[in-house]
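Asks: Before we start, here is the structure in question, set down as structure tokens.
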Amino acid sequence: MSEISLQELFRRSLESASKSVNLPTIAEETQDLLQHTLLDLREVHSRIRDLSLFSPNESLDDIPTKDMVCLTLPYVFAEVENRTRTTERHDRMGVLTKVISHLEAFVHQLEHYDIIPEDEKKLYSHKSSMLADPAKRRDVKVSQYKKVKEIKDRLQVLQKQRNQTQTPDSQTDFDLIASLLPSSTTSAAQSSEDSELDLDSTTDDLLRTTTILLLRIFYAQTHTQLESMEQELDLLRRAPPSPSGAPPPLGERDGRTKIGDKGKSKEEQEEMWRLDLGVSGSGGPDGKGPLVDHRGRPLRPFTILPSNAAERARLQTQVFGPGYNLPTMSVDEYLEIERERGNIITGGGPASLEKPTSSEQLQIDSEMDGTVAGEEKEEEKRQKDEKWAQYKDTHARGAGNTMNRG
């Protein structure tokens, strides 16, 4: 049985990596698949090194089109390595260190062969997390997104010319790389003479342009991943160490939990669950040092409460008070306010019976002869009597409500 070719070995590793994308990372099946993929990728790397496919003394024009796809190997290594499962902090830090090393090697390789234009190098050299101005940070992200979108649109056009129906958005990165490799059926059908012949000029130029565009897309994604992973690695380095009294793993907890708890003091048991345990330095839990750094990142735990003890006591009484509103005024105060608003009716009683009606009061006021007010009331009474006479002329007696009797 002949040894599998480099292209077929690379294709097999890419297919395995693509299959693992849709599987849960925590599953044992996924981890076994990733380990086999890493073995194949190491074999691919060994063969590339033995064949000396790439040399620092060469330029991009010296690299054959069929070998350019192998430039993506460090990127594939980083993507697969990043999906390996880790449970401890130091294990995750080790994985991140390897992934960052692969991605930096990928970036250095592309820049060495001048695959990336100068404007894109300058664009992706700006880290959005290092910009304090939110407007500038947004402008950088928008510019980077537009550049990637432009390259993806060009890549989609080239894929249609190569009779590929799937778009870059519907494929994984591993599928896009595998599409640049010669198909297994084609390579098996080719004779030994045909395999030595180069591709025709049109197909070679099309495949070469597609490969370069794909490398530029991966270059943009690599810078984004590097920024995110460097932040994660810095966070893991700054994280407090695991407390000495922390609970043991699940596998070790059954045999010694009861024995260990008996020998601990109350302070040690309470210290075991402290979230700020182990935080030291100028921003530690002792309350000394700055609260945040110059970028606004918190350096120590803090509570948003006033420092005044009386103010905190007042807030505490509000927290532990009744669940209903307490009265804020007496009944007499409330009635006085309502009286001022005019919402209380006054009068009634014997005095109200002796008080003249409005018609009687008008009759009394109109009899005040010799005064201006008396003359005005007399005229008002005359108009009222005239209106009442006109009303009786137009409305016969009993013409009102007949109690539905016609």
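Glycine residues also receive a Cβ, built from the backbone N, Cα and C atoms like all the rest.
Okay, these came from TrEMBL:
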- 237-298: region 'Disordered' (REGION)
- 240-250: compositional bias 'Pro residues' (COMPBIAS)
- 251-274: compositional bias 'Basic and acidic residues' (COMPBIAS)
- 345-406: region 'Disordered' (REGION)
- 355-364: compositional bias 'Polar residues' (COMPBIAS)
- 379-396: compositional bias 'Basic and acidic residues' (COMPBIAS)
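Walk me through the surroundings of each of these features.
Replies: Helix, strand and coil content of the region 'Disordered' (345-406), in residues and according to DSSP, is 37 helix, 0 strand, 25 coil.
Note on the compositional bias 'Polar residues' (355-364): residues 377, 380-381, 384 of its chain, located 6 or more positions outside it, place their CB under 8 angstroms from a CB of the stretch.
Long-range contacts of the compositional bias 'Basic and acidic residues' (379-396) within the same chain: residues 362-363, 366, each at least 6 residues beyond the stretch ends and with a Cβ under 8 Å from a Cβ of the stretch.
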